[in-house]
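Quick notes on the structure that follows.
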Amino acid sequence: MEEENATLLTEFVLTGFLYQPQWKIPLFLAFLVIYLITIMGNLGLIAVIWKDPHLHIPMYLLLGNLAFVDAWISSTVTPKMLNNFLAKSKMISLSECKIQFFSIAIGVTTECFLLATMAYDRYVAICKPLLYPAIMTNGLCIRLLILSYIAGILHALIHEGFLFRLTFCNSNIVHHIYCDTIPLSKISCTDSSINFLMVFIFSGSIQVFSIVTILISYTFVLFTVLEKKSDKGVRKAFSTCGAHLFSVCLYYGPLLLMYVGPASPQADGQNMVEPLFYTVIIPLLNPIIYSLRNKQVIVSFIKMLKRNVKVSY
């Protein structure tokens, strides 16, 4: 009888933000604009890198893939959020929930490894400039990209597997903006302590590994930059690395709070700021952060616009 009751709940309510009814339309329009800018910004960055052969080097291949993952994460979360602003029902089926979580888990994990790889790329470029073409080849870059996506899929499969063992019989209210393993584990009538443990072990390990890689890489970069006697070289190095460091700080802060800090059944799980930040705000900011501080991207973008204008006339 208990098992039958446990299988009854196959739909969930994503509460999302708690807001007054009069804020429904303004919030919908605000997030719609954010989403459109995010998609145009990231796809535009991908198009610029794709069209310009001069940008077919590791630094920009990594940047293009970061833009792809950001668009992926945003497109997994925002459309459902927009629908919930206008829909009378905020229901999502269990199968949709699992698919959404799986997609987000792949994107978030892949981005962690991409940011670490980008830090290593900058380390080699600045600390070993003469060896950079021999070390950081396009072939190595592509292999690192493939490994990042494979790691993202494997990590998502682990949590997805543990998610399948959960049953839901008491509550179907998910206090989150999307389906995630932590809020789902909190409402499960199955013992979910192993799910929280897996989040702490695997998500924590991935974040620690990527953060340590980034910190070590930029520590060497900092010492190398400080040894430079050329002011122009110092400015160029800080300009190149500053955007990446800023993006890293914005990305890992919410993730650490989300996946390492509250990994316990006692956490209330109702803070929407962290997931909103790394699924909506970061994908919006990344193309702006990287493009505005990168002269080559700006020049290539202007050239692409000029070519398109000539073709249209």
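A Cβ is built for glycine as well, from the same backbone N, Cα and C atoms used for every other residue.
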Same side of the membrane, Trp50 and Gln296, by Swiss-Prot annotation: yes
Candidate cysteine (Cys169, Cys179, Cys189) that Swiss-Prot pairs with Cys97 in a disulfide: Cys179
Leading stretch by Cβ pairs under 8 Å, where the reference is the transmembrane segment (196-216) and the options are 29-49, 57-77, 99-119, 144-164, 272-292: 99-119
Residues in the topological domain 'Extracellular' (165-195) grouped by DSSP into helix, strand and remaining coil: 9 helix, 2 strand, 20 coil
Annotated stretches the transmembrane segment (144-164) and the transmembrane segment (99-119) touching (3 or more Cβ pairs under 8 Å): yes
Winner by Cβ contact number (other Cβ atoms within 10 Å) across the disulfide-bonded residues Cys97, Cys179: Cys179
